[in-house]
Amino acid sequence: MALVPCQVLRVAILLSYCSILCNYKAIEMPSHQTYGGSWKFLTFIDLVIQAVFFGICVLTDLSSLLTRGSGNQEQERQLKKLISLRDWMLAVLAFPVGVFVVAVFWIIYAYDREMIYPKLLDNFIPGWLNHGMHTTVLPFILIEMRTSHHQYPSRSSGLTAICTFSVGYILWVCWVHHVTGMWVYPFLEHIGPGARIIFFGSTTILMNFLYLLGEVLNNYIWDTHRSMEEEKEKPKLE
């Protein structure tokens, strides 16, 4: 039996994301007042994705609790749709985008923080909030993946969806630059057009890889889980 029920964990994670979003939006930073506001940053978009995803998880848990034993076929159909939406969001958005934000942020930060998170931001964003945006996303999504089995969509449709998201965000970043004359991320100012094309192409490939990684990890976790359950059942059958 789990020390903390997964339903309680999801509520706690959802509340933490709501707190992070509220604190982040309350910060008066110059970049929030420019074209695109917070929505030009992938970190903020990811926070919204994670909050919506865990909101759907909590809603699914509540619906499951209310539907259990009711025998209402319409309610059961609606619950299945909700579960399908939850699984789709984890596979296509929550896992690949969340892991991408954490990995790319800290890799670039370790190389040269001024390229992605200038020291000036320390005057606006406290350390705990920075980690809430760029660190805890990873353990939270891994906890969700470990506590509940998620049915991945077909690989072709999943990869098409994550490619669409990636290309859409890249076009959005380019549009912001077209309107304002400034790149969303400082390091893009210091590389040439060819290097930017390579970078944008690489990020799309990485997103696809992270989608596949999530699929493999999900299958590994639950195949291992099933094997352990079968091992536990063997003595009882003998």
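Each residue, glycine too, has its Cβ placed from N, Cα and C.
Unlike curated entries, TrEMBL annotations are predicted automatically.
Pulled from TrEMBL, these are the features on record:
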TRANSMEM  42-67  transmembrane segment
TRANSMEM  88-108  transmembrane segment
TRANSMEM  128-145  transmembrane segment
TRANSMEM  157-178  transmembrane segment
TRANSMEM  198-222  transmembrane segment
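Here the transmembrane segment (157-178) has long-range neighbours at 35-36, 40, 42, 45, 91-93, 96-97, 184-185, 188, 200, 203-204, 207-208, 211-212, 215, meaning same-chain residues at least 6 beyond its ends whose C-beta is under 8 angstroms from one of its own. Listed by sequence, the residues of this chain that lie at least six past the ends of the transmembrane segment (198-222) yet keep a Cβ under 8 A from its Cβ atoms are 90-92, 95-97, 99-100, 104, 145-146, 149-150, 152, 155, 158-159, 162-163, 165-167, 170, 188, 191. Listed as Cβ neighbours of the transmembrane segment (128-145) (distance under 8 Å, sequence separation of 6 or more from its ends, same chain) are residues 9-10, 13, 16, 19-20, 23-24, 43, 46-47, 50, 54, 57, 90, 94-95, 98-99, 101-102, 105-106, 117, 214, 217-218, 221.
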